[in-house]
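Taken from Swiss-Prot, the feature Zn(2+) binding site covers C98, C100, C125, H127. Per Swiss-Prot, the feature ATP binding site maps to K240; the stated evidence is sequence analysis. Per Swiss-Prot, motif ''HIGH' region' is recorded for 9-19. Feature annotation from Swiss-Prot assigns motif ''KMSKS' region' to 237-241; the stated evidence is sequence analysis.
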Amino acid sequence: MKIKTRFAPSPTGYLHVGGARTALYSWLFARNHGGEFVLRIEDTDLERSTPEAIEAIMDGMNWLSLEWDEGPYYQTKRFDRYNAVIDQMLEEGTAYKCYCSKERLEALREEQMAKGEKPRYDGRCRHSHEHHADDEPCVVRFANPQEGSVVFDDQIRGPIEFSNQELDDLIIRRTDGSPTYNFCVVVDDWDMEITHVIRGEDHINNTPRQINILKALNAPVPVYAHVSMINGDDGKKLSKRHGAVSVMQYRDDGYLPEALLNYLVRLGWSHGDQEIFTREEMIKYFTLNAVSKSASAFNTDKLLWLNHHYINALPPEYVATHLQWHIEQENIDTRNGPQLADLVKLLGERCKTLKEMAQTCRYFYEDFAEFDADAAKKHLRPVARQPLEVVRDKLAAITDWTAENVHHAIQATADELEVGMGKVGMPLRVAVTGAGQSPALDVTVHAIGKTRSIERINKALAFIAERENQQ
């Protein structure tokens, strides 16, 4: 049997991390078994579905490189198929027309609740032989079995059973002729030959209804697996108050897709004590029986740790392709300065996100208007004038501009003046970067370049001279 899974989001908003994890698990299961992964857009909610949301879902899937083998399919383009199946069910007696008014249904609901009963349709039209005009408004309901139970072996939670007496006759076509979500899902899974449905636990109550419809159609019933929800670190359901919940927001905040995928796969699944997984390892080791039944807690600090790991572990040239977008957002002109791959090597240890890297790298490419006030007050003092003059001249004398030779120039300055490296290094750092912190000074000065470094040292000396005149 060929394994076939699907990811079927509703385009009413962005792709959130819960949906991304479900997509990842479905994708991994298919890839692990050499099967196929289908993308289906469940856009039957015409009022809430938007083209922007569809685009956001596609963007998120593409950014995570969760490529699909079929689709995207759109439910709104399959209404003729759904209605043909409903008409067939009406002929076979597995569905019926219901003419009950909203007022009657509301009164029935209130009566049942007053008795402490679970609100459900009482089947009045199921057994009615009243004649109705062809144009009289009606819905179509599925004639759910009235006895027995529905049992399915959830691949994560184990056997789950629902009594058919708890399930009422589901509406499968509205009065306007449009099919309902639960019915469309059934026909789609049937037509697309889905073998395994991996989805959130909020769909568990839909499963027995969908199984009953599949059986009424003599269609194969897929295997189901329901993934637990994701909570914030406070134990409450993950929401915007816990930080970013949109996949593309994590892109915007400077996370690598490898980091988010690695974090999401471990958010409810484990393989021994291993924390870091390549995409190939995820595919190789992923199984549904290793997915936890318990809710997972989203921990941003852990994601940040993973992101920092991947910034330094992945090839700098690859990381640079993702950094480029953030550089563009900061409007930094990188034509005069180090290659982005070299910048990744320079700042990788210091920066936990690509956004942070882009926001702190400007001095490598563009001159700064002024020095950081605190750093200048502390290090650009009259006592720093001589070390800066000497190191400037030694840097100017370098014919082979390498980080090693820059280091020798700084060391030689300290030796000549008989001072510690800090007495030279700190004023030099503020002079060339405008700030009190940077990567290792020799590689920083080397990356900034000879001409620009000397110009900035002269600017710092002018700043010191002006400071002396004001005293």
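Cβ atoms are placed via backbone N, Cα and C, with glycine included.
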Exercise. Pick the one among the binding-site residues C98, C100 whose Cβ has the fewest other Cβ atoms within 10 Å in this structure.
Key: C100
Quiz prompt | Extra residues within 8 Å (Cβ to Cβ centroid of C98, C100, C125, H127), Zn(2+) | solution = Y96, K97, Y99, Y121, G123, R124, R126, S128, R141
Practice problem: Restricting attention to the motif ''KMSKS' region' (237-241), give the mean pLDDT. | Solution: 72
Quiz item: Taking the Cβ of H127 (Zn(2+) binding site) as centre, how many other Cβ atoms lie within 10 Å?
Solution: 8
Quiz item: Name the residues of the same chain, 6+ apart in sequence, whose Cβ is under 8 Å from the Cβ of C125 (Zn(2+) binding site)?
Solution: Y96, K97, C98, Y99, C100, R141
